[in-house]
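Q: Sequence annotations record features per position, and here Swiss-Prot assigns active site, proton acceptor to D228. What Swiss-Prot lists as ATP binding site is K123, and the listing cites similarity to another entry. Under the heading domain 'Protein kinase', Swiss-Prot lists 97-273. The phosphoserine annotation in Swiss-Prot covers S332, S337, S350, S362, S385, S390, S412, S417, S433, S437, S543. What Swiss-Prot records for 352-385, 404-445 is region 'Disordered'. For 399-408, the entry in Swiss-Prot reads motif 'Nuclear export signal'.
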Amino acid sequence: MGKVNVAKLRYMSRDDFRVLTAVEMGMKNHEIVPCSLIASIASLKHGGCNKILRELVKHKLIAWERTKTVQGYRLTNAGYDYLALKTLSSRQVVESVGNQMGVGKESDIYIVANEAGQQLALKLHRLGRTSFRNLKNKRDYHKHRHNVSWLYLSRLSAMKEFAYMKALYERKFPVPKPIDYNRHAVIMELINGYPLCQIHHVEDPASVYDEAMELIVKLGNHGLIHGDFNEFNLMLDKDDHITMIDFPQMVSTSHPNAEWYFDRDVKCIREFFMKRFSYESELYPTFSDIRKEDSLDVEVSASGYTKEMQADDELLHPVGPDDKITETEEDSDFTFSDEEMLEKAKVWRSELEKEADPADESGGSWCCSSTDSKQIKDGGLPEESAHVSSFEVTALSQAVEEMERQVLPHRSVTEFSEESRRTENDGQPGQRSPAGSEDCDDEPPHLIALSSVNREFRPFRDEESMSSVTRHRTRTLSVTSAGSALSCSTIPPELVKQKVKRQLTRQQKAAARRRLQKGEANVFTKQRRENMQNIKSSLEAASFWGD
């Protein structure tokens, strides 16, 4: 894990990066990627995958490993750096790479420049350089995976840091401006300052101390705790202002150990100022001083904020007083209307039984009295009475529907079919059954009334609607099928030729790919040759001793 040597980057071809990317893709589910898989993923046009692999091994971009069961290649940190730099250069973010500025336990910092000559900072994450025995317990990069690669963890760390940096920069926190990221590389603004650990004299230690403590509290108010807030992750410019760096290990204030992390950050700053600048203050923040203003931990998914906590937060939001009033009003209106409907239906049914004529009862139809109809026609009925009458008619129809639901389940299918046939016979003129017939006595009067009403509302269709053609049928009619009787095919012959040619080309490419994969997978041939050589040498030794 030395310095990045980008001198060979300009001489690498497209096929070299294709094979390097194939090794990276194979490492998603392989610790050691076999040669056959690399050849099939790369799918080089002219072959030669083994030759490129040997060149990449020579330049230490990949490494050859062989165990008792498998043998193949794995990606190194240098190869991962080349892939990230190639992508950033294609995006026109990085044009040149300069000197190394700093080395940390988890990252390397380099000076880079874009096409305009503006200097930026390149941070390459190097998780796994030092021993992290409890990494799975301290960081949540791996989620629920048991076996993870250090390259993959470095990529997750860079992605998380870029997300934090972007969110904090948009909220006016003193952090570098994020530019771009790819894989384990993060491009950010180059800060003109020095780390706080390298500074031995400050004009006003109290102001710097207050600014650091205010920054800790401000992070807590936004739902975040730095987790590693010390002199190594703070930079001081010429005006003695603090800039915060290196925060992929941030945790949420909802974390079970949030108070411990908060107190540790405060303790680190207090001890540093007391040792370096001989400054000690009795004023320092505590975890209870946090007043949450924003949920930045939810936005960037900080450690400790789970989906269960998010669901609990949604349940904890109380319903406003307006919502409660609306719900109670809706429930009360619905209950009152239902009771009133039933009462009105009972009253109206009793009145109909008293005032209805025998002929109307036998015929199964009901109507209003002559005086009421006359008043309605003349318009002499007041508005309130008209409204009440319309409401009562609606209530009666609803009551009739309720009675239908009670009667129909107890009737058999044959009875229902016989009733439908009798209803059809009743609908024909001159064939109406007498009032005292058995059919009418067996059937409830309201069912006969509904059947007569339904016959009055049958759909009406004129001649134009009967002769119209469905629209989607007209769209499928082609000119050749409608106007030509000589040809039965509706597909142009040119299109048929193109499809056949495309299919043949696809088959040829598939066959070439299979031959390429078979030719590249020469590891087994090498093993057979070694075994034959061992057998031959053992036989020669046996014949030499005369056995």
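Here the Cβ of each residue, glycine as well, is placed from N, Cα and C on the backbone.
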Q: When the pLDDT values for the domain 'Protein kinase' (97-273) are averaged, what is the result?
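A: Across the domain 'Protein kinase' (97-273), the average pLDDT comes out at 86.
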Q: Neighbour count, 10 Å Cβ-Cβ cut-off, for D228 (active site, proton acceptor): what number do you get?
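A: So the number of other Cβ atoms within 10 Å of D228 (active site, proton acceptor) is 16.
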Q: What three-state secondary structure does DSSP assign to the residue listed as 'active site, proton acceptor'?
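A: Reduced to three states, the DSSP call for the residue listed as 'active site, proton acceptor' is coil.
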Q: Counting across all protein chains shown, how many other Cβ atoms sit within 10 Å of the Cβ of the residue listed as 'ATP binding site'?
A: 25
Q: In angstrom units, rounded to an integer, how far apart are the Cα atoms of the residue listed as 'active site, proton acceptor' and K123 (ATP binding site)?
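A: Answer for this pair: 18 Å between alpha carbons.
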